[in-house]
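*Asks:* Sharing the features that Swiss-Prot gives for it:
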TRANSMEM  5-25  transmembrane segment
TRANSMEM  39-59  transmembrane segment
TRANSMEM  61-81  transmembrane segment
BINDING   Gly71, Thr74  Na(+) binding site
TRANSMEM  98-118  transmembrane segment
Amino acid sequence: MLINFLLVGFGASLGAMLRYGISIFVKSKWKTDFPYATFFINITGSFLLGFLVSTALGPMWQLFLGTGFMGGYTTFSTFKVESMELKWKANFQVLFSYVGLTYLCGLIAAFIGIMLGV
């Protein structure tokens, strides 16, 4: 049982570090109201998680990669906070684009990941 917690924790720490690195890199390249870093992270995360859940990985790999790594990598809470910040700035065009594209592209990416993993 302890090994399961360690697998999830180690995977999450690696995923969070990758998310942080990507976020820093993207924000240094693109200065815009659209939150490209979080968008990229969540779309690639949707694809990767879709792929992982459709493969024949063992339960320990699912814990490490699916629950841990992908849980640390993707960020639903940042998506919501950035959405609220856009609302508070009354930047509705970017807000609706961000929310709509995140949900639409996330579903498509997860579907493609699942299809490729089967």
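Along the chain as shown, the residues are counted starting at 1.
Keep in mind that glycine also has a Cβ here, set from the backbone N, Cα and C atoms.
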*Asks:* Can you give me the same-chain residues 6 or more apart in sequence from Gly71 (Na(+) binding site) with a CB-CB distance under 8 Å?
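*Replies:* Same-chain residues close to Gly71 (Na(+) binding site) (Cβ under 8 Å, separated by 6 or more) are Val8, Gly11, Ala12, Gly15.
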*Asks:* For the transmembrane segment (61-81), what are the same-chain contacts with Cβ under 8 Å, counting residues 6+ beyond its ends?
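*Replies:* Non-local partners: 4, 7-19, 35, 38, 41-42, 45-46, 48-49, 52-53, 102.
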*Asks:* Which chain-mates of Thr74 (Na(+) binding site) that are at least 6 residues away have a CB under 8 A from its CB, listed by sequence?
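*Replies:* Result: Gly15, Arg19, Ile41, Asn42, Gly45, Ser46, Leu49.
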*Asks:* Any residues 6+ beyond the ends of the transmembrane segment (5-25) with a Cβ under 8 Å from its own?
*Replies:* 37-38, 40-41, 60, 63-65, 67-75
